[in-house]
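Participant: So Swiss-Prot has the following annotated:
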COMPBIAS  687-709  compositional bias 'Basic and acidic residues'
DISULFID  Cys55-Cys138  disulfide bond
DISULFID  Cys88-Cys106  disulfide bond
DISULFID  Cys372-Cys465  disulfide bond
DISULFID  Cys403-Cys424  disulfide bond
DISULFID  Cys545-Cys615  disulfide bond
DISULFID  Cys566-Cys634  disulfide bond
DISULFID  Cys620-Cys630  disulfide bond
DOMAIN    371-637  domain 'ZP'
CARBOHYD  Thr462  O-linked glycosylation site
SIGNAL    1-38  signal peptide
TOPO_DOM  737-745  topological domain 'Cytoplasmic'
TRANSMEM  717-736  transmembrane segment
Amino acid sequence: MACGQRGGSWRPSGWFNAGWSTYRSISLFFALVTSVNSIDVFQLVNPAFPGTVICDERGITVEFPSSPGTKKWHASVVDPLGLNVPNCTYILNPEKFTLRVTYENCTRRVHGGYQMTIRVMNDSAALRHGAVMYQFFCPAMQVEETQGLSASTICKKDFMSFSLPRVFSGLADDNKVTKLKMGWSIEVGDGARVKTLTLPEAMKEGFSLLIDNHRMIFHVPFNATGVTHYVQGNSHLYMVSLKLTFISPGQKVIFSSQAICAPDPVNCNATHMTLTIPEFPGKLKSVSFENQNIDVSQLHDNGIDLEATNGTKLHFSKTLLKTKLSEKCLLHQFYLASLRLTFLLQSETVSMVIYPECVCESPVSIVTGELCTQDGFMDFEVYSYQTQPALDLDTLRVGNSSCQPVFKAQSQGLVRFHIPLNGCGTRYKFEDDKVIYENEIHALWTDLPPSKISRDSEFRMTVKCSYSRNDMLLNINVESLTPPVASVKLGPFTLILQSYPDNSYQQPYGENEYPLVRFLRQPIYMEVRVINRDDPNIKLVLDDCWATSTMDPDSFPQWNIVVDGCAYELDNYQTTFHPVGSSVTHPDHYQRFDMKAFAFVSEAHVLSSLVYFHCSALICNRLSPDSPLCSVTCPVSSRHRRATEATEAEKMTVSLPGPILLLSDDSSFRGVGSSDLKASGSSGENSRSETGEEVGSRDVMDTKGHRTAGDVGSKAVAAVAALAGVVATLGFICYLYKKRTVSNH
């Protein structure tokens, strides 16, 4: 038996909008167990609600406990003061012991969700007591309601992700007892294929869960457990059903979601962009882009053609697409900023978001081995009629150079080029057993005036030729050529030595930030690099790096950091070299390493805390190393070290822009700001109290290069500690005196 009850005209502010988003991909329900706040207006008998509250997108269901003694009871929706809520419609089912209400008119909108209060009257003889009021909270069920987050599946290259609203607190609770009762579990798949995993097990399977203040982001890799893969030709679609359960004391949260993703690139021709989706159980409902939501029945009228045989194909007219400049495209690249596809899947609405763009390469590419001549040139011809509209041959340019064609016949619409492989901006690269040379030709269309030269109005043509390794041996006598002198001798090369905050080497310290402050054993990240050169054939090789107590790199004492391109073997904390990745244009132009901050010690005396760093380096020919240091292998033997010694004319020396202030681990400056530390360091005051090798001290080199004992001893430690104690005592006495003086007045 079910009865409906309706009130008068009370309607609180800020109510939930009943028009749920048609692009929902996440369905959630939230079960609160035995932890609902209760307020007994007349008699506080049962402070915790013994039943279950289920929150879903349509409303709230309250399930009361059923027992043989519960025969007569009544429940109603009231406001926080216990008064009946007018205009509230709810369904009370005494047989199933349930109360069902809608969010509209029966709840109060609060931050993050909805609040509802009910009053329960139990008139049974066994459980006779007065009315008890219970207050419930239901979270906002859709991500769109909170912080403007997207509820659709976001397709990436190797995984799909979707956002869930963060509808509870306590994930980071430090209470150990609470943590033992909390935990995640994940159900993957549906039907008989459901697999339940704990969160650590799911992480091992490749899943990941990211949580911030407003949302939870769940990542599902395409090869994870439970992901269904649909394939049709070269098109792929991935689908997964998930149920995430979070259990905490008195509370159970369940998120249910179906996610789909079609990550394949689109195909483009002269007029359309085509998106292909394999056949799967879902049925397309609508397409959304550029703030337009187009129903499937209206696609053709909006420039989109649909093929629904053997999967789904959507043909977008290029008039609907945006354009952007691209290095790989002739003029522009066509794309959509985002495209949302909404499907009806197993009676649920599921959406995915993709970012389609037309893939394009250089439109004209001449690739043939015959273009490369045996004497090291590339020969090719360009005709004006190669394109429509025709090319203006007078505007032809070769790369970024001023090289001109060797022959031009305007009547025939022909120009002929004879380009040296080592000039005119020609580039080369190695692939397997071939060396490939490449250049690019620029030209304007004949219907554009010469003043309109710009990247988006240019025609570009790539010309390539290659030599095989055997061809190089047969046709070119490489051994007879002397190596380029400028690659190892003094020339227009400039080096720079810089320090970085960490091993990401993103942004170096500026000159105005010196002196830098470091504590003992704290790493100092260094980088030596070549500047103002883009020659890919040169390679920077470190010779030596050392530290001094003055800015003069030739001053003594010195301490070695790098010797003959290798870490100093006698160092307690050896230098670590870092590889240079492909994020920079010429990785061979860089050398990166770090060393641990140390105390400067000489003859049992602590030297100045300001330390200056210097490096010497060589520039080598990468293709033909002409110095033993250019191909050094660490560690270096003493015999090889003598053989690899470079002349002073070959080496270049660089220094850091400023010194580094070194402090001991227990220095009283640890809590002081960086600017105060720099001021202290630049004044020459030494605040270290530990200089033994076990805390980061290092021996220095005398003028003959011999090691000097590096133990400061207990006297230096005691002196510094005593001085610090005296200063602290005097400061405390002054403080007491001032305080007493103020109180007397």
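Each position is counted from 1, following the chain as shown.
Every residue gets a Cβ built from N, Cα and C, even glycine.
A description of the local structural setting of each listed feature is requested, covering burial, neighbours and distances.
Facilitator: According to DSSP, Cys55 (disulfide bond) sits within a strand segment.
The Cβ of Cys106 (disulfide bond) lies under 8 Å from the Cβ of Ile60, Val77, Val85, Cys88, Thr89, Tyr90, Met116, each of these being in the same chain and 6 or more residues away along the sequence.
Cys372 (disulfide bond) is surrounded by 21 other CB atoms, counting those within 10 A of its CB over all protein chains shown.
With a cut-off of 8 Å between CB atoms and residues at least 6 apart in sequence, the same chain places Phe417, Ile419, Gly423, Cys424, Gly425 near Cys403 (disulfide bond), listed in sequence order.
Under 8 Å, Cβ to Cβ, and six or more positions away along its own chain, Cys615 (disulfide bond) finds Leu497, Met526, Val528, Leu542, Asp543, Asp544, Cys545, Trp546, Val562, Thr653, Val654, Ser655.
Within its own chain, Cys634 (disulfide bond) has Gly565, Cys566, Ala567 as residues 6 or more apart in sequence whose C-beta sits under 8 angstroms from its own. Under the DSSP three-state reduction, Cys634 (disulfide bond) is assigned to coil, being neither helix nor strand.
Its Cβ placed at the centre, Thr462 (O-linked glycosylation site) has 15 other Cβ atoms within 10 Å.
Mean pLDDT for the topological domain 'Cytoplasmic' (737-745) in this predicted model: 51.
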Participant: Given the disulfide-bonded residues Cys55, Cys372, Cys620, Cys630, find the one whose Cα is closest in space to the Cα of Thr462 (O-linked glycosylation site).
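Facilitator: Considering only the listed disulfide-bonded residues, the nearest one is Cys372.
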Participant: Taking 10 A as the limit, how many CB atoms besides its own sit near the CB of Cys545 (disulfide bond)?
Facilitator: 25
Participant: Would you identify the secondary structure of Cys138 (disulfide bond) according to DSSP, in three states?
Facilitator: strand
Participant: Fewest other Cβ atoms within 10 Å: which of the disulfide-bonded residues Cys138, Cys424, Cys620 wins that one? Let me know.
Facilitator: Cys424
